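What follows is a short report on a single structure.
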């Protein structure tokens, strides 16, 4: 009996053990299936749950969320197939962990430098972005290496700075590869050295084989020529030699130099006769361009409210269209820095004009201050409805320059403007524009735009490559640039001297065209190429021509003082200066036809319009409406040459402190060397008595009548036209009357005294 009881108790124990094993394996299978499901749903981002899993993975490992979810699938598969937990801290797995940690550290270091800024709090800034991404998946975007990357980087960056952090990341990756592959670090580097030697020897063998093949080909050609009969050799070779002689490079270049030698003598003689300004002849090799880091990084603006508003507005738009019987749907939405653009695709048979006519109703439905409708969007079968954001995201000049998709260092006149509605960095090449008109109401962002253009050029071009002439009648906007080596002359602030400065630029343009005609070149680029060839072959070096950018900050004031001289100079420069490498940037507050005349508009094809008060002003600038609906504070419409419709841009902001930093950096590199011939002459003061005995009587008459004209003096004093005109000119020089203003009467600057009355 005792033996039977022992047997039954042993069976019970074995059965309970097997049951425990079965339940444990069952739990492992369930866990494995759950891990596989989480990984697959997260990787494919299936629905709200999938996006949530993916965002949760991004929260921990950022850009490597795919690796984490793939690891979840692999771990789950192992648990289902093997029905046991893997050893999570084996040698190879530890190596994989180290590789992942190294990549997370490197990725988050890159994220800090390019997105958060070097001075940002790493953990707190990342935590904010991660939380926002968790609750709004696929809307925040790149979050670096997640919280794990942020935790490691915050420690290493504090202790070892940027270079040390990157070094730690590389060492972690190398050691991880060593653990995974089972190769020691010494063997790892020796393998790399062997591979480099192998590539070097392969390349050497390939070049030797190439030489052998070429030698065999030459030998075959020589054999073919020998096989030909002697009579044919003489007949064929002589013409061949005659034909092949000219294309030889050495003979051709020497022939060119022989032909152009007398021309150079003429040029040097002509240059002695011309009054040319003494520019910097050659490159200053010590000069270094200012780094982009000198500008302040962009501040991150929270636009989370805008995402919520987009869905609400899209629904309101579709309901509004439906209530007016218009069949249309919202196909795409672009959230920009200051404006959100809704792309509306109308159904077949719906007129575009019908949607445009609903602009007031759409503004009412969206409770928007104002909306702008782009109908249709160029290159798309859709209509754009632009609605202002609740919070405007600031666009800094630094972020536009850093995210430039077409960054070419050779383009010295590439300027940064801002970001368009889709968030793309907007750049423009001034040499292709080739002249630019900037207009808008006061406080709309013109001066910041001009400062951004000048700073963009200073960051790209050295003083011998680009020169500038600045005219600032307001005396406060451009004075900060006095002393930079790029200036041809100090900033011109006297409106009367401004016309003279423009005339000197016209004279420089004519001098350049004279040089082109004597060298047989067509433009500045061709002339500079010619000078480079000349300098390579001659000891006497000739200077290359720099670009010249003429910046006029307030055209309206100049047109009031000397409209005829200013308009003539601007017209001549706009018509002819492009090939000479001279480009105009003209800014004005008052976009009226008296200031922006038809002749000026016809010759300045590229325009930038800031916010204006009426559609008439918008038509004066752009020849179309739209600028009256802009928001101000840098909101602009760019109409480049060759474009039929303008592009809406949020202008890049540049503070006064940033401008001063760039100017101080440039001046520290090189001092200004002004050209005496380009500095406007001092306006001589009128001295001495007037010889005409009628002058004082004429002044009394003009002051009494409070009007001045040549015909009035002719009638009152019974004198000829020439004498009356001289009297008026004398009064203008002495400040009694103002300048000639077209059909308007001259302004009398002296009031009638009470005693005279």
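Every residue, even glycine, has its Cβ placed from backbone N, Cα and C.
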- request: Could you check which of 30-50, 114-134 is flagged in Swiss-Prot as transmembrane segment?
  value: 30-50
- prompt: Based on Cβ pairs under 8 Å, which of the stretches 30-50, 61-81, 93-113 lies most in contact with the transmembrane segment (163-183)?
  reply: 93-113
- request: May I ask for the residues of the chain that lie six or more residues beyond the transmembrane segment (93-113) and have a Cβ under 8 Å from a Cβ within it?
  value: 61-64, 67, 86-87, 120, 122, 126, 142-146, 148-150, 152-153, 156-157, 162, 165-166, 168-173, 175-181
- request: Please classify the secondary structure at residue 443 (ATP binding site) using three-state DSSP.
  value: coil
Message: Should anything in the same chain at least six residues away from the transmembrane segment (30-50) have a Cβ under 8 Å from its Cβ atoms, list it; otherwise answer none.
response: 56-57, 65-66, 69-73, 75-80, 137-138
- prompt: Do any residues at least six apart in sequence from residue 447 (ATP binding site), in the same chain, have a Cβ closer than 8 Å to its Cβ, and if so which, in order?
  reply: 477, 553, 587
Query: Within 8 Å of the Cβ centre of 443, 444, 445, 446, 447, 448, which other residues of the chain have their Cβ, at the recorded ATP site?
result: 440, 442, 449, 610, 633, 634
Field: Nonlocal neighbours by CB distance (under 8 Å) for residue 446 (ATP binding site), same chain, sequence gap 6 or more
entry: 438, 439, 440, 587, 589, 610
Residues that sit under 8 angstroms from residue 443 (ATP binding site) by C-beta distance, when 6+ apart in the chain: 632
